[in-house]
Amino acid sequence: MGSSEVSIIPGLQKEEKAAVERRRLHVLKALKKLRIEADEAPVVAVLGSGGGLRAHIACLGVLSEMKEQGLLDAVTYLAGVSGSTWAISSLYTNDGDMEALEADLKHRFTRQEWDLAKSLQKTIQAARSENYSLTDFWAYMVISKQTRELPESHLSNMKKPVEEGTLPYPIFAAIDNDLQPSWQEARAPETWFEFTPHHAGFSALGAFVSITHFGSKFKKGRLVRTHPERDLTFLRGLWGSALGNTEVIREYIFDQLRNLTLKGLWRRAVANAKSIGHLIFARLLRLQESSQGEHPPPEDEGGEPEHTWLTEMLENWTRTSLEKQEQPHEDPERKGSLSNLMDFVKKTGICASKWEWGTTHNFLYKHGGIRDKIMSSRKHLHLVDAGLAINTPFPLVLPPTREVHLILSFDFSAGDPFETIRATTDYCRRHKIPFPQVEEAELDLWSKAPASCYILKGETGPVVMHFPLFNIDACGGDIEAWSDTYDTFKLADTYTLDVVVLLLALAKKNVRENKKKILRELMNVAGLYYPKDSARSCCLA
């Protein structure tokens, strides 16, 4: 169990500092195997971008090939946004066994199965929480279906390999959605929120809470009420909650809930609560199918106007006594199940009407050590996908306290693979953070026909190697076709084993074909002489 107090300390938390120090020994051994001699281990960070299931699979391919080439052992930090967090977290739940991890991935997409009943049970359980939000629904009923996984382990379970230094230190990114206006206006660093096996919090403020107490209630820096540590399924939903078209999805949630009034349930009466649950969630899970407006919900069977159903359901369900609600069913167990289901429907409808995501207790509430009143006056935080700010977690590895020398940025975007570089350049310029400066015209030129690797260097700060997934070296002239095949909002049901294997192979090839370039930059940051290709601050490699 972690500390029950809030920590406000500039710099690295002591647990991370110790883990990184232990990791240095493993990095030095790995460099020696790669024939790179160094007195000090350089700090290398690997970043995985967002991109839904495409990013999940491609990131696994990258990690697998880096392990195969002996490169992963030379990495100090692994950081991810959205879909990449699903892959990175899997690395730790499998104790770093990439062969087993890859085999498991292929198996999941061979059988095309998903445990609806278990996901239903987890969602109903989550709906009993005072902080239930659409993130819970998204995590247990959408992301679990996309990944074919429902992990019940926790971030704190990852401590052992991290503290022993056998695996890189992982950082999972989110942003505080309530601070989006500050981000839009000034790219405020405190917008970014991070999760590690030890802590969760705002790195820009140096304000953290033990990961085991993330979600618990604090006041004035003290623990008031303990809540169980959230499982990885929920966190994956939080980290991967960026949506393509919020208005379309909001309307679809409403459309589905309108069909689930008491009237609708009684008319479609099913033999038991379990089958009712299947009926409800089979309809709710069409949320993704209509996220692009391709499959509009059907009219109600009775021909009644759909636009009044949600309001009617919420009002009637609130007013009707529990006894009357359950009158048609005499089985006590069935009564309880039905009540829980309808409570879930009601709560989901309310969250959808408010579009409420990522609700959790604010551990900085009434904290005297925080001068920013916005941070300390809120009872709740609303944490969402960091890809809504920058689709790669550069802001979490750039602080000087982490002393990163080399960044390997793997971009799994379906669109412009340099948008993350543009956004990070702007962020760093505003806050005087060392980062290679690239001219907009050059980025525009690169984006028209991306190569597989770009090396960006500035006078100070880390060297950045940027690897677009879809590039002319691997895809030839078919980049657009590849992008269409692996669309961000493509359902997992369309991912056959062949489609998965092809994407894994593409991601691996990008690492393998650029191994020499990576080794060269490792030599450079390790302090060894190696001839430079160019004196330019940014060069294509």
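Cβ from N, Cα, C; glycine included.
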Annotated region 'Required for lipid droplet localization' segment (source Swiss-Prot; candidates 29-61, 62-94, 260-292): 260-292
According to Swiss-Prot, which residue out of Ser182, Ser216, Ser337 bears the annotation phosphoserine? Ser337
Using a 10 Å cut-off, grab the number of neighbouring Cβ atoms around the Cβ of Asp385 (active site, proton acceptor), all chains included. 27
Can you check how the pLDDT averages out over the domain 'PLA2c' (1-541)? 83
Please report the distance from the Cα of Asp385 (active site, proton acceptor) to the Cα of Ser82 (active site, nucleophile), rounded to the nearest angstrom. 6
Per DSSP, Ser82 (active site, nucleophile) is which: helix, strand or coil? coil
